[in-house]
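To start, the structure under review is shown below, and the notes come after it.
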Amino acid sequence: MKIISWNVNGLRSVIRKGFFSWLEKENPEILCLQEIKIGERELTFDLLYPKGYHAYFNSAKKKGYSGTAVFTKEEPILVNRRLGFSKFDEEGRYLELKYPQFALINLYIPHGGRDKSKLDYKLKVYELLIKKLSNSSASLGTSQKTNPLILCGDFNVAHEEIDLARPKDNFNNIMFTQDERKCVDKLIFLGLIDSFRELHKEGENYSWWPYRLDARERNLGWRIDYCFVSKYLQSKLKKAFILKDLKSSDHCPVGIDLNATQSLA
């Protein structure tokens, strides 16, 4: 079962660059999108009813801003668009889908501002997310088979020094402050596995590059997009990947491939 997560930095923009052809080629079971920047009234037929998929959107109230979407081949039994924090929920940053075998959360964490003016807001979102997962019916450990969790999205933080090209230059800058990094520590402490780092110990693997300084050509990037999975799914994790050659956005897609020959739950 292939799951891909991608911050598209504007869904209409990547559509003009061949999004649907790419989707047909990759053929994931689930595609999680962030920063779609499109309102509900602007959704076209091919977005609402993509061939072979059920589509779910959570658009921001503010026009041309934020938003998330999920394309899924299997219809979920429940869709939730609210974390329970009004400011965050109004920005369309959360999509939770529940299936008989597992739960999926597509998440777009706020950036926090280069001047850290919105860092408190960002940390509050993490606090509420961690609280929700701590109290969730989703299984994060190894022993329970019921409803394991897959948590994908743009987390807007590089967890360790290996996750960005210039850790010393960016120490305590936004997306690499100690407080932000501790939030990822807490997710892992709950029992979630960073799927890519589980299978790839080497550096220089990034998912986002600034537009300035020829950063992408020089690979001066950050790994801020993740697919976390419950520990129970660790043994079913076949692949974790970064599709770095796709350049339709300042982010590239990341994803996982789970062994679907066995039931996930």
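Each residue's number is its place along the chain shown, starting with 1.
Placed from the backbone N, Cα and C atoms, the Cβ positions cover glycine too.
Just so it is clear, the model here is predicted, and its values are computed rather than measured.
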Same-site Mg(2+) binder from ASN7, ASN58, ASN135, given that TrEMBL records GLU35, ASP154, ASN156, ASP250, HIS251: ASN7
Residues within 8 Å of the ASN7, GLU35, ASP154, ASN156, ASP250, HIS251 Cβ centre (excluding the Mg(2+) site residues themselves): ASN9, GLN34, TYR108, SER207, TRP208, ILE224, ASP225, SER249
ASP154 (Mg(2+) binding site) to ASP225 (site 'Important for catalytic activity') - Cα separation in whole Å: 4
